[in-house]
Amino acid sequence: MSMQTRKKHITTTEILKKKNTEKITMLTAYDALFAKIFDGEVDMLLVGDSLNMSFFGESDTLSATLEQMIYHTKAVCNGAKTSLVVCDLPFGSTICEQIALEAALRVFKETKAQAVKLEGGAEIAQIIKHLTQNGIAVVGHIGLKPQFMRLEGGYKVKGKQESELESLLKDARALEEAGAFCFVLEGVPSEVGKKIAQSVGIPVIGIGSGVDVDGQVLVWSDAFGFFEDFKPKFVRQYLKGAELIRDALKEYAKDVKNGDFPNVSESY
Ligand code: KIV
């Protein structure tokens, strides 16, 4: 069945089954308007805390709150009827089993998201296990972890040293063992992406991790050229969104100034 004719959401089991069969597509979404356009065109929609930068104008993701993530996730769920919706758990909301479970339960009770995403590897495996044991589907996130950028002094590619590769492999296995149904792998060399994808039985969704992983995720405002502050190397721009909007705006302003808008057929 094509995704466009499907009436039900894609499930976590369907995502798992795509490993070694079909590449998985994931894109961020932050509101109902765009979720409706993206819905069914990609397997998963991620309400990423990247919204704190691209839509809220902050310089990193750290100040995003659970309240904001729930608000945006509700909106995305209002627009998405087919794609699986994942809500990012923001910085500070996963610091121990109980706090993470409370945050995830709020997401599940107050929105229709089908999964939550947590940044971290082996060190949070127990927390992920606690969530999955309580009925919460989990997407992991290892490699470059944007929530750690202040601690690490920037966004750094991971896995270049042998020791980093070893620790990433440990993280990947720990996520699988803890019950995550897939994980995001961000900012690692292509060879590392390949090794990690081969080392686990769950799908690895790459961002800046090369082509030899099980799927790709992009921040939509990067992919469609709306976010212009900087363009990471791994982003492919499919549209010059900001330019298109500016051109259209110029037309609108010109028509208003010239008295061309509204015309008779646009008036009561
Ligand atoms: O917040 C986000 O959008 C993310 C993606 C970069 C994977 O975590």
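Cβ atoms are placed via backbone N, Cα and C, with glycine included.
Any TrEMBL annotation is an automated prediction that lacks curation.
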Candidates ASP88, ASP171, ASP212, ASP214, the one TrEMBL lists with ASP49, GLU119 as binding Mg(2+): ASP88
Output field, Mg(2+) shell: CB within 8 Å of site CB centroid, site ASP49, ASP88, GLU119 dropped: GLY48, SER50, THR61, ALA64, LEU89, PRO90, PHE91, LYS117, LEU118, HIS141, PRO146, GLN147
Annotated binding-site residues ASP49, ASP88, GLU119, filtered by Cβ under 6 Å to ligand 1: ASP49, ASP88
Listed recorded positions SER50, LYS117, GLU186, filtered to Cα within 10 Å of ASP88 (Mg(2+) binding site): SER50, LYS117
